[in-house]
Every structure is written in C-alpha cells, then in structure tokens.
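Q: Let me begin by handing over the structure; questions about it come next.
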Amino acid sequence: MATNYIFVTGGVVSSLGKGIAAASLASILEARGLNVTIMKLDPYINVDPGTMSPTQHGEVFVTQDGAETDLDLGHYERFIRSKMSKANNFTSGKIYSEVLRKERRGDYLGATIQVIPHITNEIKERVIEGGKGRDVVIVEVGGTVGDIESLPFLEALRQLAVDVGREKTLFMHLTLVPYIPTAGEVKTKPTQHSVKELLSIGIQPDVLICRSDRAIPSNERKKIALFCNVPERAVISLKDVDSIYRIPELLKSQGLDTFVCDRFRLDCPEADLSEWEQVLYRQANPTGEVTIGMVGKYVELPDAYKSVNEALKHAGLTNRLTVNIKYIDSQDIETKGVELLHGLDAILVPGGFGYRGVEGKIRTAQYARENKIPYLGICLGMQIALIEYARNVAGLTQANSSEFDKDCPQPVVGLITEWQDESGNVETRSDESDLGGTMRLGAQQCHLIEGTKAREVYGAETIVERHRHRYEVNNTLLPQIEAAGLKVSGLSADRKLVEIIEIPNHPWFIAAQFHPEFTSTPRDGHPLFAGFVAAAKAYQDSHKA
C-alpha cells in the first residue's frame, strides 16, 4: 500500500490542541488496523529542544533512539502503540543546519542556496523518509498559519501534496470557534479568515476541526462548510472535554475516521475503541484518592513535567484512584521549610539541571526518608537522594555532585566522561563540552537485583528504560554508602553504572537514574508509578487508623 499523508495545521490562535487531535485521529486509524505514525515539524531555529528552558517550552520528550523532542511526541506515544524516533520530529534549525552542511560539502554543485527549492526539498525528503512503510503518516506543523516561521513548512507540504497526488494527501486544519456570551452565539468569522490565510498560500483544507467550549450547532457547521469550501461532514466539532482520552470517541462519533478512509480509499474494519472505554470507565469510577507532592524547579509551568503528570494519572487508573498533584517549588523548601510537605501521601522529586533549588530537594528526600513517606526520585531525584543519604547516614558530610560543586571533596555524583554511542563509537565528555546533544540519551538496558523492591515492582530481571543525563553515581564512594544501608537495586547492562537505588528499611523509597515516565501509557500504565501510587494509598490508610 502506498503511504497516505494527513497534514495538520492550526489557525486563529496557538494551543488549540493540534497534537492531541492528531494523536486521537491516529489512535482511531490504528484501531482500524492501519500502520500509523505521527511527525511533528517545529518552526523554531533551535536544532532541538534539548537546551530550551522547560518553563518556556515545556518538557523535553526522549525517544527510544535518544532524540530530544517536542512534548507532543509524548502525546503521540500515549495515544498509539507505535514508538517515535528521531525521524518523527525536526525543526527549522535542524533543516537549515543540514542544508548548510551539504552546501559546505559541495552537494549543491555551486548553486545559490534558497528557501525554495533547497529548504523545502529537505523538508519533503524527511517527511517521505519518516513515513516509509506506513499506511498513514500524520504530519503536524507547529505554530499558527500566518506565522512567518511556518511558511517554508507549509510550502513544502503544498508541494508534497502535488508530488504524491492529492488523492494521497489530506489537509486537516484546526481553528477556534469562539462563543460570545453577550451575543449568545458562536462566531465562525475567525475560522473563515484562517482558511482564507491558508488558501493564500495554495492550500485548501479538506477537514476543519472546530475547537470551542461547546458543541458547534448544525447551522453554524453548515455555514462553515459553505464559506470554507469543505463538505459538511468534514466540519468536525471538537468541544472542551474533561479528559483528553475522550477525544478519540468524540472524533469517531462524527465520522472523521470514515471520512479519512473514504478519501484514501482504504477498506478497513470499524475501529474498536474498547480499550479507551476502559480507560474512561476507570477514570470516572475511582475508589479513592491520594495526594502526591511534586517537588521541582520548574513547577510554575506544569507542562515542564508533562509526562510525569500523565504517568501519575495512568498509575491512578491502574489503582482505580484519583491522583491529586501538589506542586511545590524546591526553593520554597529552602526558605519556608519542610512544613510544606505535611499532609502528603507520597513525594516525587523529578529531574532537573543546575544548582538552583537543589538543597530544597535534598531536604525533601531527607523528610521522606525519616518520616517513612513513599518516595520516588527520577534522574536528579535519584542523585539528590544519594547525596542526602551519604551526608546524613553514611557519614560523608561533604557529599555533593560535581555538577553543583566542581571542587567537592566527596563527589558521590560525577560527570560521565566516557561511554559508547549507539554506533559503538566511544564518546568523551568534559565540563567544557557543548550542552546540546551531549548526554546519555535513549533506551538502555537495566539489570534488576534479585530480592529488591525494584525487582518486585517490575517483575522482571531485565528492563529497558530511557535516559537523559550527563552525571552518574560515583562508584568509588559507593561501598561506604552501601555499608550504611543503601541498596543498589538496578545496574546498567555492563554492571558499571548505578540505575536504581532503594532503602530496604523504608516502606517504599525507590529512585531511578532513568525516566520511567516516558514509557507510561493510559492503557498500560507503568509498574514503577503504579507501585508508587499504591504505596501512597497504603501510607494514607495506615495513617487513618
């Protein structure tokens, strides 16, 4: 079967939920037996989001093969079974960087390098390459139609539609249909103008997804269809819902998947969304609730911890519990004290970079350890737990990470200086290395030690989890810390790097160097988060008595 392409654009305003809409459509098509993948094209000039501020851009999602990508790829993986890779996300910066590299190498034989055709050709080549072997490729373009930054991408997709044939392509445009309370009606004019903007660059949308806080009335849908030159059945009303996992059924109920299959002349069975119905049932019928404190550095923007937030919700679904997340700035722990942690059922310390707020995180780990509160540390959350234990239990009173104190006399956490990359080449790092693309990234095997809590939680001897870090446990000082009672429960495949630590005489204290949140999904959850939330409920129950 030849590959079919769905191009997703947004208009009127940003943050309409293009990624969620694209992922929801993909999940329906996948449920119809189609081989689907999703790509995200980001117009910013950064090569990737790896060095962008989490409080501006949100989290960096890491793929199996180690790509640092937009958080929308996390949505994609949570909605469909297909895994994302480096091919599923690229930016203007990456495109320009590659074109300039080819120009320096002489690939263009002295031609004058221009946006058209060189930049647009590079975009088209990457879209085609990323979609090889798929029945349907959904391509989301970041930003809003009318933005200068998006123009090369939109032009490339317009050309691609001509190249592969309009019968193999479909343009899906998300717009805002606002409700004006004083008029008592929704307004379609912004949608009409957004489509007009698309038409001005040569793109006629085939489907309109109309975002609103309420269902779009039939007469307004007819009006949109008439003035935007699309069939009425292709005007889809997408109202605000209480759960993003309700959107696949909402789109299916309006026949969007049928319209797509008809357009591409695909003969495939009806979608079975029973798994999503189970997710929604568990979400709507909890048997209790727990409150988990997330002590982080970027809590002013919850999207900085998007995958962690979702993984906690998934663990709630697994345990039939509502998970309430209380965000606490680790700097506030330093100034206001651990009283901010009172009343929590469990504590989670997520990843982060830099010294700011670290002592607050260390005090948080100490509070959880001393008060027997369930604790889950992720990445930096593991490193600070190790530092705390080394200082206050193992007698290494000057313990720290070389990330925070280069002259630390007891560096229990240090820079990884050498390892093999995915090609088998030895890579070397130093304090002077670039920040971008210089971490241990992607899926790595981890060996779990027999008789540990981690082994019990996972129920397996070997697991695969994704990493994003450049600092690791210093094995030189590890024996003294282990002698004081800390247990290493997970090691890298070569048994050289510490991946998981735990405290045996604590009800539930586990910290991992990797990022388990990146592989959690609403349908399957994740064992580490499921065990953590179950421990939170057990702690809550024991303190009610």
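Please read every residue number as a count from 1 along the shown chain.
Each Cβ is built from the backbone N, Cα and C atoms, and glycine gets one as well.
Not my notes, these are from Swiss-Prot:
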ACT_SITE  Cys379  active site, nucleophile
ACT_SITE  His515  active site
ACT_SITE  Glu517  active site
BINDING   Ser14, Lys187, Thr188, Lys189, Pro190, Thr191, Gln192, Lys223  UTP binding site
BINDING   Ser14, Asp147, Ile148, Glu149, Lys187, Thr188, Lys189, Pro190, Thr191, Gln192, Lys223  CTP binding site
BINDING   Asp72, Glu140  Mg(2+) binding site
BINDING   Gly352, Leu380, Gly381, Met382, Gln383, Glu403, Arg470  L-glutamine binding site
DOMAIN    291-542  domain 'Glutamine amidotransferase type-1'
REGION    1-266  region 'Amidoligase domain'
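Describe the structural surroundings of these features, if you would.
A: Cys379 (active site, nucleophile) counts 22 other C-beta atoms within 10 Å of its own C-beta, drawing on all protein chains shown.
Taking Cβ-Cβ distances under 8 Å and a sequence gap of 6 or more within the same chain, the neighbours of His515 (active site) are Val62, Ser307, Gly351, Ile378, Cys379, Glu465, Arg466, His467, Arg468.
A C-beta separation below 8 Å, combined with a sequence spacing of at least six in one chain, links Glu517 (active site) to Ser307, Val308, Glu310, Ala311, Ile378, His526, Phe529.
In the three-state DSSP scheme, Lys189 (UTP binding site) is classed as helix. In sequence order, no residues are near Lys189 (UTP binding site), counting only same-chain partners six or more apart with C-beta under 8 A.
Ser14 (UTP binding site) is surrounded by 12 other CB atoms, counting those within 10 A of its CB over all protein chains shown.
Other Cβ atoms within 10 Å of the Cβ of Glu140 (Mg(2+) binding site) number 27 in total over all chains.
Remark: Leu380 (L-glutamine binding site) has Val349, Pro350, Gly351, Gly352, Phe353, Val358, Lys361, His469 as non-local neighbours, by Cβ distance under 8 Å and separation of at least 6 in sequence. A helical conformation is recorded for Leu380 (L-glutamine binding site) in the three-state DSSP classification.
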Q: Under DSSP, is Asp72 (Mg(2+) binding site) helix, strand or coil?
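A: Going by the DSSP assignment, Asp72 (Mg(2+) binding site) falls within a helical segment, counted as helix.
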Q: Between the binding-site residues Lys223, Gly381, Met382, Glu403, which lies closest to Asp72 (Mg(2+) binding site), Cα to Cα?
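A: Sorting the binding-site residues by distance from Asp72 (Mg(2+) binding site), the top entry is Gly381.
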Q: Using Cα coordinates, what distance in whole Å links Met382 (L-glutamine binding site) and Ile148 (CTP binding site)?
A: 43
Q: Would you please pick out, from the binding-site residues Pro190, Gly352, Gly381, the one with the fewest other Cβ atoms within 10 Å of its Cβ?
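A: Sparsest of the binding-site residues Pro190, Gly352, Gly381 by Cβ contacts within 10 Å: Pro190.
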Q: Which entry in the list of binding-site residues, Asp72, Glu403, has its Cβ near the fewest other Cβ atoms, using 10 Å as the limit?
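A: Sparsest of the binding-site residues Asp72, Glu403 by Cβ contacts within 10 Å: Glu403.
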